[in-house]
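*Asks:* So that we are looking at the same thing, I have put the structure below in C-alpha coordinates.
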(Lines of atoms letter the chains of each structure in order from A and count residues from 1; the text may use other names and numbers.)
(Lines give C-alpha, C1' and ligand atoms only; values in the text may rest on other atoms or scores of the structure.)
Protein backbone atom coordinates (compact mmCIF):
# COMPACT_ATOMS: atom_id res chain seq x y z
CA UNK A 1 0.00 0.00 0.00
CA UNK A 2 1.36 3.42 -0.97
CA UNK A 3 1.20 5.49 2.22
CA UNK A 4 2.22 8.68 0.39
CA UNK A 5 -0.62 8.36 -2.14
CA UNK A 6 -3.41 6.40 -0.43
CA UNK A 7 -6.21 4.98 -2.54
CA UNK A 8 -9.43 7.02 -2.72
CA UNK A 9 -11.78 6.16 0.12
CA UNK A 10 -15.36 5.00 -0.50
CA UNK A 11 -18.09 7.52 0.28
CA UNK A 12 -19.11 5.59 3.39
CA UNK A 13 -15.54 5.47 4.74
CA UNK A 14 -15.16 6.34 8.45
CA UNK A 15 -12.51 8.85 7.35
CA UNK A 16 -14.79 10.67 4.92
CA UNK A 17 -16.31 14.05 5.73
CA UNK A 18 -19.90 13.94 6.89
CA UNK A 19 -19.67 10.49 8.47
CA UNK A 20 -20.52 9.97 12.18
CA UNK A 21 -17.53 10.80 14.37
CA UNK A 22 -15.70 7.69 15.55
CA UNK A 23 -15.90 7.36 19.35
CA UNK A 24 -14.40 3.90 19.81
CA UNK A 25 -12.31 1.21 18.17
CA UNK A 26 -13.04 -2.50 18.45
CA UNK A 27 -9.70 -4.18 17.79
CA UNK A 28 -9.05 -7.80 16.83
CA UNK A 29 -6.07 -9.59 18.40
CA UNK A 30 -4.51 -12.39 16.31
CA UNK A 31 -3.22 -11.06 13.01
CA UNK A 32 -4.08 -7.47 13.93
CA UNK A 33 -2.15 -6.66 17.11
CA UNK A 34 0.02 -9.75 17.53
CA UNK A 35 1.54 -12.22 15.05
CA UNK A 36 0.67 -15.51 16.80
CA UNK A 37 1.27 -18.25 14.23
CA UNK A 38 4.27 -19.47 16.22
CA UNK A 39 2.13 -19.99 19.31
CA UNK A 40 -0.51 -21.86 17.31
CA UNK A 41 2.14 -24.01 15.64
CA UNK A 42 3.73 -24.98 18.97
CA UNK A 43 0.46 -25.69 20.79
CA UNK A 44 -1.07 -27.64 17.92
CA UNK A 45 2.19 -29.56 17.49
CA UNK A 46 2.12 -30.67 21.13
CA UNK A 47 -1.54 -31.65 20.82
CA UNK A 48 -0.98 -33.67 17.65
CA UNK A 49 2.07 -35.41 19.08
CA UNK A 50 0.02 -36.49 22.10
CA UNK A 51 -2.62 -37.84 19.72
CA UNK A 52 -0.03 -39.69 17.64
CA UNK A 53 -0.51 -37.52 14.57
CA UNK A 54 1.83 -35.65 12.26
CA UNK A 55 2.24 -31.88 12.70
CA UNK A 56 0.64 -29.30 10.44
CA UNK A 57 2.55 -26.56 8.66
CA UNK A 58 2.42 -22.88 9.51
CA UNK A 59 0.90 -22.20 6.07
CA UNK A 60 -1.93 -24.62 6.82
CA UNK A 61 -2.56 -22.96 10.18
CA UNK A 62 -2.65 -19.50 8.59
CA UNK A 63 -5.51 -20.55 6.30
CA UNK A 64 -7.75 -21.82 9.12
CA UNK A 65 -6.97 -19.59 12.09
CA UNK A 66 -9.33 -16.80 13.11
CA UNK A 67 -12.66 -18.55 13.63
CA UNK A 68 -12.12 -19.68 17.21
CA UNK A 69 -10.30 -22.56 18.88
CA UNK A 70 -12.99 -25.16 18.20
CA UNK A 71 -12.91 -24.50 14.46
CA UNK A 72 -9.10 -24.52 14.52
CA UNK A 73 -8.85 -27.84 16.34
CA UNK A 74 -11.54 -29.57 14.28
CA UNK A 75 -9.91 -28.35 11.06
CA UNK A 76 -6.48 -29.59 12.15
CA UNK A 77 -7.89 -32.96 13.17
CA UNK A 78 -9.50 -33.26 9.73
CA UNK A 79 -6.24 -32.30 8.00
CA UNK A 80 -4.24 -34.91 9.91
CA UNK A 81 -6.77 -37.75 9.83
CA UNK A 82 -5.19 -41.03 8.65
CA UNK A 83 -6.39 -42.35 5.32
CA UNK A 84 -9.31 -44.78 5.41
CA UNK A 85 -10.16 -43.90 9.01
CA UNK A 86 -13.71 -44.57 10.14
CA UNK A 87 -13.69 -41.38 12.20
CA UNK A 88 -14.24 -39.22 9.12
CA UNK A 89 -17.75 -40.62 8.64
CA UNK A 90 -18.65 -41.04 12.32
CA UNK A 91 -19.84 -37.85 14.07
CA UNK A 92 -19.70 -39.52 17.47
CA UNK A 93 -16.10 -40.59 16.90
CA UNK A 94 -15.20 -37.10 15.66
CA UNK A 95 -16.68 -35.58 18.81
CA UNK A 96 -14.85 -38.06 21.03
CA UNK A 97 -11.58 -37.18 19.31
CA UNK A 98 -12.25 -33.47 19.71
CA UNK A 99 -13.04 -34.02 23.38
CA UNK A 100 -9.58 -35.60 23.76
CA UNK A 101 -7.84 -32.94 21.70
CA UNK A 102 -9.27 -29.79 23.33
CA UNK A 103 -7.75 -30.23 26.83
CA UNK A 104 -4.42 -31.18 25.25
CA UNK A 105 -4.46 -28.03 23.13
CA UNK A 106 -5.63 -25.86 26.01
CA UNK A 107 -2.86 -27.05 28.32
CA UNK A 108 -0.23 -26.59 25.62
CA UNK A 109 -1.44 -23.11 24.65
CA UNK A 110 -1.63 -21.87 28.22
CA UNK A 111 1.91 -23.12 28.76
CA UNK A 112 3.47 -21.38 25.74
CA UNK A 113 1.06 -18.43 25.28
CA UNK A 114 3.05 -15.50 23.93
CA UNK A 115 6.43 -17.25 23.78
CA UNK A 116 6.47 -17.57 20.00
CA UNK A 117 4.51 -14.45 19.06
CA UNK A 118 5.44 -10.83 18.36
CA UNK A 119 3.61 -7.51 18.45
CA UNK A 120 3.22 -6.06 14.96
CA UNK A 121 5.16 -2.87 14.13
CA UNK A 122 3.02 0.18 14.78
CA UNK A 123 0.59 -1.60 17.10
CA UNK A 124 1.74 0.04 20.34
CA UNK A 125 2.14 3.47 18.74
CA UNK A 126 -1.31 3.08 17.21
CA UNK A 127 -2.96 2.17 20.50
CA UNK A 128 -1.25 5.10 22.19
CA UNK A 129 -2.41 7.47 19.46
CA UNK A 130 -5.98 6.19 19.56
CA UNK A 131 -6.15 6.73 23.30
CA UNK A 132 -4.59 10.18 22.94
CA UNK A 133 -7.39 11.04 20.50
CA UNK A 134 -9.93 10.21 23.20
CA UNK A 135 -11.24 6.99 21.69
CA UNK A 136 -12.47 4.14 23.85
CA UNK A 137 -10.94 0.76 23.02
CA UNK A 138 -12.18 -2.80 23.25
CA UNK A 139 -10.29 -5.90 22.16
CA UNK A 140 -12.81 -8.21 20.45
CA UNK A 141 -11.23 -11.54 19.52
CA UNK A 142 -12.37 -15.08 18.78
CA UNK A 143 -9.52 -16.37 20.96
CA UNK A 144 -10.80 -17.80 24.28
CA UNK A 145 -10.68 -15.17 27.00
CA UNK A 146 -8.36 -17.39 29.08
CA UNK A 147 -5.84 -17.10 26.23
CA UNK A 148 -6.52 -13.50 25.22
CA UNK A 149 -6.04 -11.71 28.53
CA UNK A 150 -2.68 -13.34 29.38
CA UNK A 151 -1.39 -12.70 25.85
CA UNK A 152 -2.32 -9.02 25.99
CA UNK A 153 -0.69 -8.73 29.41
CA UNK A 154 2.47 -10.56 28.31
CA UNK A 155 2.87 -8.22 25.35
CA UNK A 156 2.18 -5.06 27.37
CA UNK A 157 -1.07 -4.33 25.54
CA UNK A 158 -3.74 -5.09 28.12
CA UNK A 159 -3.76 -1.69 29.78
CA UNK A 160 -4.78 0.11 26.60
CA UNK A 161 -8.23 -1.47 26.55
CA UNK A 162 -11.36 -0.48 28.42
CA UNK A 163 -12.83 -3.91 27.70
CA UNK A 164 -11.55 -7.30 26.48
CA UNK A 165 -13.93 -9.90 25.01
CA UNK A 166 -12.99 -13.40 23.86
CA UNK A 167 -14.63 -15.94 21.61
CA UNK A 168 -16.32 -17.52 24.63
CA UNK A 169 -17.51 -14.24 26.18
CA UNK A 170 -20.84 -14.45 24.34
CA UNK A 171 -23.12 -17.11 22.89
CA UNK A 172 -21.79 -16.45 19.38
CA UNK A 173 -18.48 -15.24 17.98
CA UNK A 174 -17.43 -13.28 14.89
CA UNK A 175 -18.59 -13.22 12.07
CA UNK A 176 -21.81 -12.98 14.07
CA UNK A 177 -22.41 -9.33 15.05
CA UNK A 178 -23.18 -10.16 18.70
CA UNK A 179 -19.65 -9.59 20.08
CA UNK A 180 -19.41 -6.19 18.39
CA UNK A 181 -22.86 -5.12 19.53
CA UNK A 182 -22.09 -6.17 23.09
CA UNK A 183 -18.73 -4.38 22.96
CA UNK A 184 -20.47 -1.20 21.82
CA UNK A 185 -22.97 -1.56 24.64
CA UNK A 186 -20.17 -2.01 27.18
CA UNK A 187 -18.32 1.04 25.86
CA UNK A 188 -21.47 3.14 25.65
CA UNK A 189 -21.02 3.91 21.95
CA UNK A 190 -23.27 3.47 18.92
CA UNK A 191 -22.19 0.87 16.33
CA UNK A 192 -22.02 3.56 13.62
CA UNK A 193 -19.45 5.39 15.77
CA UNK A 194 -17.45 2.28 16.69
CA UNK A 195 -14.75 1.32 14.18
CA UNK A 196 -13.91 -2.37 13.84
CA UNK A 197 -10.20 -2.88 13.20
CA UNK A 198 -9.26 -6.35 12.03
CA UNK A 199 -7.46 -8.41 9.44
CA UNK A 200 -10.03 -10.73 7.87
CA UNK A 201 -13.40 -11.27 6.25
CA UNK A 202 -14.58 -12.55 9.65
CA UNK A 203 -14.05 -9.10 11.16
CA UNK A 204 -15.57 -7.34 8.17
CA UNK A 205 -18.68 -9.53 8.10
CA UNK A 206 -19.27 -9.00 11.81
CA UNK A 207 -18.87 -5.25 11.40
CA UNK A 208 -21.23 -5.05 8.44
CA UNK A 209 -23.89 -7.04 10.30
CA UNK A 210 -23.49 -4.90 13.43
CA UNK A 211 -23.58 -1.60 11.54
CA UNK A 212 -19.99 -0.71 12.41
CA UNK A 213 -17.49 0.79 9.95
CA UNK A 214 -14.50 -1.46 9.40
CA UNK A 215 -10.85 -1.04 8.42
CA UNK A 216 -8.59 -4.03 7.82
CA UNK A 217 -4.84 -4.37 8.17
CA UNK A 218 -2.99 -5.34 5.00
CA UNK A 219 -1.17 -8.08 6.94
CA UNK A 220 -2.65 -10.82 9.13
CA UNK A 221 -4.68 -13.96 8.49
CA UNK A 222 -7.52 -13.82 5.99
CA UNK A 223 -8.03 -17.55 5.44
CA UNK A 224 -5.60 -17.64 2.52
CA UNK A 225 -7.39 -14.89 0.58
CA UNK A 226 -6.15 -11.41 -0.33
CA UNK A 227 -7.54 -8.90 2.16
CA UNK A 228 -8.06 -6.44 -0.69
CA UNK A 229 -10.97 -8.60 -1.87
CA UNK A 230 -12.92 -8.09 1.38
CA UNK A 231 -15.78 -5.60 1.64
CA UNK A 232 -14.27 -3.04 4.02
CA UNK A 233 -14.22 0.74 4.38
CA UNK A 234 -10.47 0.97 4.07
CA UNK A 235 -7.09 -0.73 4.50
CA UNK A 236 -4.12 0.28 6.62
CA UNK A 237 -0.55 -0.96 6.74
CA UNK A 238 -0.34 -0.51 10.51
CA UNK A 239 -2.42 0.54 13.47
CA UNK A 240 -0.26 3.66 13.74
CA UNK A 241 -1.12 4.60 10.16
CA UNK A 242 -4.81 4.09 10.89
CA UNK A 243 -4.63 6.24 14.03
CA UNK A 244 -3.00 9.06 12.08
CA UNK A 245 -6.03 9.20 9.78
CA UNK A 246 -8.66 9.35 12.51
CA UNK A 247 -9.70 12.70 14.02
CA UNK A 248 -9.95 13.20 17.76
CA UNK A 249 -13.15 11.90 19.31
CA UNK A 250 -15.76 14.17 20.86
CA UNK A 251 -15.82 14.04 24.69
CA UNK A 252 -17.45 10.88 26.03
CA UNK A 253 -20.12 11.11 28.73
CA UNK A 254 -18.01 8.97 31.06
CA UNK A 255 -14.27 8.68 31.58
CA UNK A 256 -12.01 5.86 30.47
CA UNK A 257 -11.02 3.18 32.94
CA UNK A 258 -8.07 3.77 35.23
CA UNK A 259 -5.76 1.39 33.40
CA UNK A 260 -6.54 2.94 30.02
CA UNK A 261 -6.08 6.46 31.40
CA UNK A 262 -2.72 5.41 32.81
CA UNK A 263 -1.48 4.12 29.46
CA UNK A 264 -2.77 7.17 27.62
CA UNK A 265 -0.82 9.40 29.99
CA UNK A 266 2.29 7.24 29.76
CA UNK A 267 2.07 5.72 33.26
CA UNK A 268 2.72 2.15 32.17
CA UNK A 269 3.53 0.99 35.68
CA UNK A 270 0.01 1.84 36.84
CA UNK A 271 -1.55 0.33 33.72
CA UNK A 272 0.21 -3.00 34.18
CA UNK A 273 -0.33 -3.22 37.91
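In case you wondered, yes, glycine gets a Cβ from its N, Cα and C as well.
These came from TrEMBL, pasted as-is:
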- 28: active site, nucleophile (ACT_SITE)
- 28, 30, 199: Mg(2+) binding site (BINDING)
- 251-273: region 'Disordered' (REGION)
- 258-273: compositional bias 'Polar residues' (COMPBIAS)
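I'm curious about the neighbourhood of these features; can you describe it?
*Replies:* DSSP classifies residue 28 (active site, nucleophile) as coil under the three-state reduction. Note on residue 28 (active site, nucleophile): other Cβ atoms within 10 Å of its Cβ, all shown chains, come to 27.
Cβ neighbour count for residue 199 (Mg(2+) binding site) (all protein chains, 10 Å cutoff from its Cβ): 24.
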*Asks:* Expressed to the nearest Å, what is the distance separating residue 28 (active site, nucleophile) and residue 199 (Mg(2+) binding site) at their Cα atoms?
*Replies:* 8
